[in-house]
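As written in Swiss-Prot, here are the features:
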type	residues	note
BINDING	Glu173, Arg219, His448, Arg489	L-aspartate binding site
BINDING	Arg219, Asp220, Glu221, Gln228, Glu482, Gly534, Leu535, Asp536, Arg537	ATP binding site
REGION	197-200	region 'Aspartate'
Amino acid sequence: MRSHYCGDINQSHLGQEVTLVGWVNRSRDLGGVVFLDLRDREGLVQVVYDPDLKDVFEMASTLRSEFCVQIKGVVRARPESQINSQMKTGEIEILGKQLTIINASAPLPLSMDNYQNNSEEQRLKYRYLDLRRPEMAERLIFRAKVTSSVRRFLDGNGFLDIETPILTKATPEGARDYLVPSRTYKGQFFALPQSPQLFKQLLMMSGFDRYYQIVKCFRDEDLRADRQPEFTQIDIETSFMSAEQVMEKTEQMMRGLFQDLLNVDLGDFPRMTYAEAMKRYGSDKPDLRNPLELVDIADLVKDVEFAVFNGPANDVEGRVAALRIPTGASLSRKQIDDYTKFAGIYGAKGLAWMKINDLAAGMDGIQSPVLKFLTESIVNDIISRTGAQTGDIILFGADKANVVAEALGALRLKAGEDFKLLEGEWRPMWVVDFPMFEKINGGFHAVHHPFTAPRGISPAELAADPAAAISDAYDMVLNGCELGGGSVRIHNAEMQSTVFSILGIEAEEAQEKFGFLLEALRYGTPPHAGLAFGLDRIIMLMTGASSIRDVMAFPKTTTAACPLTNAPGFANPVQLTELGIAVIEKVKTEE
């Protein structure tokens, strides 16, 4: 039905007859000549119909937005005065000779020209219309190019694309599972995989030493701008490769991806330990474009007569830190109050501050509600350590170390945006040496997942001091977003059982949930390591989209619903009976 895509027509086609199909983006009658912009996935081209061809002209006059049409015509150059530099095809136009209306369009339920006027609900309900917009089409085309580039790289490096099951067994990976009832085994359930983690490890044990898969994963968790109940991973696993080798190989893949598709050289991937990242940036995925850093000052204020400072400064679990914002002395009291409220979202009970109005004026040039508690010597030490200059403001965090990191880390990002401090476009990095476990409500939880190997210790040493263990894990971070995370895996049954025990998974439960893994670990398991990238997040960053919903064809809402299909929905009672499931109706009580 077509000879070319609309967006591909250019001056090399001058004088040629072409056949195009697509949708009417816009139609207008100017002085007895009908102009229409025809759109397909590759872009737009202008088509002109003049009255010389009466029947065709009259038909063209009836066209409205989103009519699906086929046109035949001759490519010609636009007059100099009508060249549109904003269009890829802006130097040419099609003189229409024939026109076929394939399908008319009903009045549109949403605006195609001013899509900002459409609600998120409307855009998702009529997604097939929203995806016709060039911006959305470009993102999905870009997504296809990314997956193609990834496949070429991995195929070329000896990786095998192997599928793993979608119907599997529930395993604890940090979020709730989506469950699928079994009709054959009534009362029993499959789970949709949160990741292919265990199956890809089993593939390593099977001898497939380089595996990859671009795979759907499912997590029933609270949603944010960068989360969806179903998402796509670039999943990678290797045998007989160290963490260093896995990082080198995947870094090479990411460099090639950005070079091929954006013509961007990502430069160096510096490495930073988890401890250093939390200390300097208050985050385990720091945005290195932001030059601001947290500075510890507990040693300077541990003896001041101010409990807000001296309490955390003398608490082994506490922290007192400062954040200098260049030119921040310009902040009004209301703006500081807004920053205080913002810090409160992350657990901070308040926000002490110090304005450096005039460094040369000594204490007279300093403004702060806590100045009366600080000696001139301490103030000078704080200014020296933070590098503050005249016109700057220093914000203070004093609390438990995790609260200070979260609150000042978030303020660091906010101030970086507010004061336009970001430097450079792309700043990749690796974060390494994560703790193996974290304490939550008195018990240990895996920082990554229960199959991550500790670095350089035996099962006995791990059991003796779990809190001190460092995992052999690594996260790739770009501009403050975690692109992917991975680790060396446990390949020893004793070590795996020890980790389960530390996590409170007793032997009987471990056998019930992971017996197949523990059994497999007994039969010559090779050392193996891997990594998984969030494909949706990578596309979001590379295209500049504000949400992963804008780089997925048919995403869910933030409440995990699909307005297009009205999913989820109620099941047929007959089907529920076959599955052995009874729905408990919520009974309304009379007041």
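Each Cβ is built from the backbone N, Cα and C atoms, and glycine gets one as well.
Mapped onto this structure are the features recorded in Swiss-Prot.
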| residue | record | Cβ contacts under 8 Å, 6 or more apart |
| --- | --- | --- |
| Arg219 | L-aspartate binding site | Ala175, Arg176, Tyr178, Gln194, Arg227, Pro229, Phe231 |
| Glu221 | ATP binding site | Ala175, Arg176, Arg227, Pro229 |
| His448 | L-aspartate binding site | Phe434, Ser471, Ala473, Gly485, Ser487 |
| Glu482 | ATP binding site | Lys285, Asp475, Met476, Gly534, Arg537 |
| Arg489 | L-aspartate binding site | Gln201, Met204, Phe451, Thr452, Ala453, His528, Ala529, Gly530 |
| Leu535 | ATP binding site | Arg143, Val146, Thr147, Ile214, Phe231, Thr232, Gln233, Ile234 |
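Nonlocal intrachain contacts for the region 'Aspartate' (197-200), taken as residues 6+ away from its ends with a CB within less than 8 angstroms of a stretch CB, comprise 164-165, 168, 171, 173, 211, 213, 235, 237, 449, 451, 514, 517, 530. Its Cβ taken as reference, Arg537 (ATP binding site) is surrounded by 20 other Cβ atoms within 10 Å in the chains shown.
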